[in-house]
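If you check TrEMBL, you get these features:
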REPEAT    78-119  repeat 'WD'
REPEAT    120-162  repeat 'WD'
REPEAT    163-204  repeat 'WD'
REPEAT    205-246  repeat 'WD'
REPEAT    247-288  repeat 'WD'
REPEAT    289-330  repeat 'WD'
REPEAT    331-372  repeat 'WD'
REPEAT    373-405  repeat 'WD'
């Protein structure tokens, strides 16, 4: 995660984590004063640790200062599979990436050389949902139309566990931030939580009446959010499997559902052409973001949670202020629907992927298109930055993925 520090500590023999967010850090912040302030509020950071914390914050601050004005150039084109691609994903640094396919495999690739490192074989149907356990990046989860999820070693390509229990296709999955659990969402209307160490099912999250197509953890990993074609979004406790509340208000299928970084807000996008913001404490809707003329296909927060971006089938994207809920700027230029949108971790750029066969990079402040990534021969269904924001991967229905740097 970009703007914050994770503390790991032991309490009565249990390893615990706690996050301190630094959402107001900017290139001009006085780091020493900030560390003093944090120490007053956080007894876990003892005097002996203050230099280490200072160093960490200075590193973050340096990253913020690197405003990436460089252009991206096509670095590699990979025809990864003979049969269609379903998904692509980068590890945190962007040093390797994975591709899922209708050929029933997931492949792991070295970004720099373009060489295939491993083919993860064993699924009996389409490999649809894929993820690294970032930030660690030593494990991969694959979710398949064969109703199972498999956990793999990045280093060896061996399968650690096969998670069996869903009664229909798995279409989304996510690791918790601590990388101790995998959550899977299925066409069978349930989500399941699996223990990475033991390979056992921990909970089944039951309550939706149609397929679950979006699923993610909050930053601290104690809540899970599921979005369904039943028009609702549900928040669950990760350590008990208990339903916390259901967000009711959209009048069509949900396309995305996620928490902001400090877990105070939830953003949902729907085929009803709107996004909604919800108070994560009580589950009440605090705003409806309107203006798009067609379905919302993707939405996201920037890492600081100050901006919200929405991508629509109307061919435009919009940026809203999370504080005022007003539309700040429109991203216009694509000639087809925009199915994917994301901020770079620095928060000053946006990346969009469209059915017009291009991905575009935009200035998040002005909404100006800075670059068009051209070359794919068909719709782009996936695009993402690495953590530093200096590598982009795009995946297309032309069956290639392209690396840009």
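Cβ coordinates are placed from backbone N, Cα and C, and glycine is handled just like the others.
Scored by C-beta pairs under 8 angstroms, the repeat 'WD' (373-405) has its highest count with 78-119, from the stretches 78-119, 163-204, 205-246, 247-288, 289-330. Note: the repeat 'WD' (373-405) comprises 0 helix, 16 strand, 17 coil (DSSP; helix = H, G, I, strand = E, B). Secondary structure of the repeat 'WD' (205-246), assigned with DSSP and counted as helix (H, G, I), strand (E, B) and coil, comes to 0 helix, 22 strand, 20 coil.
When Cβ-Cβ distances below 8 Å are used as the criterion, the repeat 'WD' (247-288) is approached by residues 1-4, 21, 23, 210, 213-216, 218-220, 223, 225-229, 231-235, 294-301, 303-305, 308, 310, 312, 320, 322, 325 of the same chain, each at least six residues removed from its ends. Residue counts for the repeat 'WD' (331-372) by DSSP state, with H, G and I taken as helix and E and B as strand, are 0 helix, 22 strand, 20 coil.
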